[in-house]
Amino acid sequence: MTNYAIILAAGKGTRMTSDLPKVLHKVSGLTMLEHVFRSVKAISPEKAVTVIGHKSEKVRAVLADQSAFVHQTEQLGTGHAVMMAETQLEGLEGHTLVIAGDTPLITGESLKSLIDFHVNHKNVATILTATAQDPFGYGRIVRNKDGEVIKIVEQKDANEYEQQLKEINTGTYVFDNKRLFEALKCITTNNAQGEYYLTDVVAIFRANKEKVGAYILRDFNESLGVNDRVALATAETVMRQRITQKHMVNGVTFQNPETVYIESDVEIAPDVLIEGNVTLKGRTHIGSGTVLTNGTYIVDSEIGQGSIITNSMIESSVLAAGVTVGPYAHLRPGTTLGREVHIGNFVEVKGSHIGEKTKAGHLTYIGNAQVGSSVNVGAGTITVNYDGQNKYETVIGDHAFIWEQLDSHCTFGSWR
């Protein structure tokens, strides 16, 4: 079975009121387009084609060589957008997934189930649908008395009966690839919006007595299409819940999960304790047995097992096992800490390596320094590393005791 994918990402997203293309707004650290593309990978597409338009170079840069791209110059509807992909997929045998790039909550599991349903039922087209308590604004699924899908009608074109229907079109489909592009040649703009509706191919298939099916999502949240900042916030809330629940299932304890922000690519080992108001972003890894107390903020960093981070900020740093940091410490980019290092309150470290079992208990700045092991850095110590033009390295040997301002270019030997 050969699968293909078309991702619709050409729209501007006027209701977002933003210079940024809609699909590039982020949910839990990844753009919506990245979330969709990761889910699409679950069906192992032989080829993925992304339809781009508004600020196309920015959109293209997100996926780079992971996808082929086609350009939709004019925004003439979803049917027109899919037509643009014909140059990439024309004549190919297989099944083509069509999905919008603004649906970040759709899961790979659901897309795989959709494909399996489509193949097992030998459909020419399968619509991913959901049951909505308030279906206003969505296209409705219209079935006959035998339960067969006969058409999809958009909100603006729906009659009174159709507007009462609760089963809605999520905007995700699977088609027989060849039949999709053949049917697209038959659709028109004869509708309330004057656009080429992709949904019109359903009526064409039905007129030819070809089989059209619908696979109903179990979780309505997955159907969310983000068109404004309100929906973006809703997507963020749902994604945050998913992420914290995933980590809890894998052995992480959250004292107050509703207040924690963890991005999609963060890795957390079992037996980590996370208190409230903790933020973990980017490519961060937290080792087993670590405790992150209230207010801790970590970005793109590796925290070794058994460490304790107390109400501190850590950026692009690497900490070995058994390190203690805080409260109110700041580890800036380029910091590495050896095993069992202690960085105390109101200590700032930048671009420095600190050897194992060294202690800097309070009120200290260590910048561009190489500090040995088992060093005691006393209160008020500052490595003066900047002369107004250049920065210089300070070297402090093992077992040294330091408690003063250190001018740049200094080297202090080991004690013992």
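Cβ coordinates are placed from backbone N, Cα and C, and glycine is handled just like the others.
Summarising the annotation, Swiss-Prot assigns region 'Pyrophosphorylase' to 1-229 and lists sequence analysis as the type of evidence. The UDP-N-acetyl-alpha-D-glucosamine binding site annotation in Swiss-Prot covers 8-11, Lys22, Gln72, 77-78, Gly139, Glu154, Asn169, Asn227, Arg332, Lys350, Tyr365, Asn376. Annotation comment: Swiss-Prot describes Asp102, Asn227 as Mg(2+) binding site. Sequence annotations record features per position, and here Swiss-Prot assigns region 'Linker' to 230-250 based on sequence analysis. What Swiss-Prot records for 251-416 is region 'N-acetyltransferase', and it gives sequence analysis as the kind of evidence. According to Swiss-Prot, the feature active site, proton acceptor maps to His362. The acetyl-CoA binding site annotation in Swiss-Prot covers Ala379, Asn385, Tyr386, and the record cites sequence analysis as its basis.
Features per Swiss-Prot, on structure.
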residue: Ala10; record: UDP-N-acetyl-alpha-D-glucosamine binding site; DSSP class: coil
residue: Gly77; record: UDP-N-acetyl-alpha-D-glucosamine binding site; DSSP class: coil
residue: Asp102; record: Mg(2+) binding site; DSSP class: coil
residue: Asn169; record: UDP-N-acetyl-alpha-D-glucosamine binding site; DSSP class: strand
residue: Asn227; record: Mg(2+) binding site; DSSP class: coil
residue: His362; record: active site, proton acceptor; DSSP class: strand
residue: Ala379; record: acetyl-CoA binding site; DSSP class: coil
residue: Asn385; record: acetyl-CoA binding site; DSSP class: coil
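Across the structure, Asn169 (UDP-N-acetyl-alpha-D-glucosamine binding site) and Asn227 (Mg(2+) binding site) place their CA atoms 16 angstrom apart. Considering only the binding-site residues Leu8, Ala10, Arg332, Asn385, Tyr386, the residue whose Cα is spatially closest to the Cα of His362 (active site, proton acceptor) is Arg332. Near Asn227 (Mg(2+) binding site), with the C-alpha within 10 Å of its C-alpha, lie none of the binding-site residues Leu8, Ala10, Tyr365, Ala379, Tyr386. The two recorded residues, Tyr386 (acetyl-CoA binding site) and Gly77 (UDP-N-acetyl-alpha-D-glucosamine binding site), have Cα atoms 58 Å apart. Taking the region 'N-acetyltransferase' (251-416) as a whole, pLDDT averages 94 in the prediction.
For Leu8 (UDP-N-acetyl-alpha-D-glucosamine binding site), the number of other Cβ atoms no farther than 10 Å from its own Cβ, over all displayed protein chains, is 26. The binding-site residues examined here are Asn169, Asn227, Asn385; by Cβ neighbour count within 10 Å, the least packed of them is Asn227.
For Asn385 (acetyl-CoA binding site), none of the binding-site residues have C-alpha atoms inside a 10 Å radius of its own C-alpha, out of Leu8, Ala10, Lys22, Gly139. For the binding-site residues given as Ala10, Ala379, the lowest number of other CB atoms within 10 Å of the residue's CB is seen at Ala379.
Taking the Cβ of Tyr365 (UDP-N-acetyl-alpha-D-glucosamine binding site) as reference, residues of its chain lying under 8 Å away and at least six apart in sequence are, in sequence order, Val347, Glu348, Val349, Thr381, Ile382, Thr383. Cα-Cα distance from Gly139 (UDP-N-acetyl-alpha-D-glucosamine binding site) to Asp102 (Mg(2+) binding site): 16 Å (rounded to the nearest whole number).
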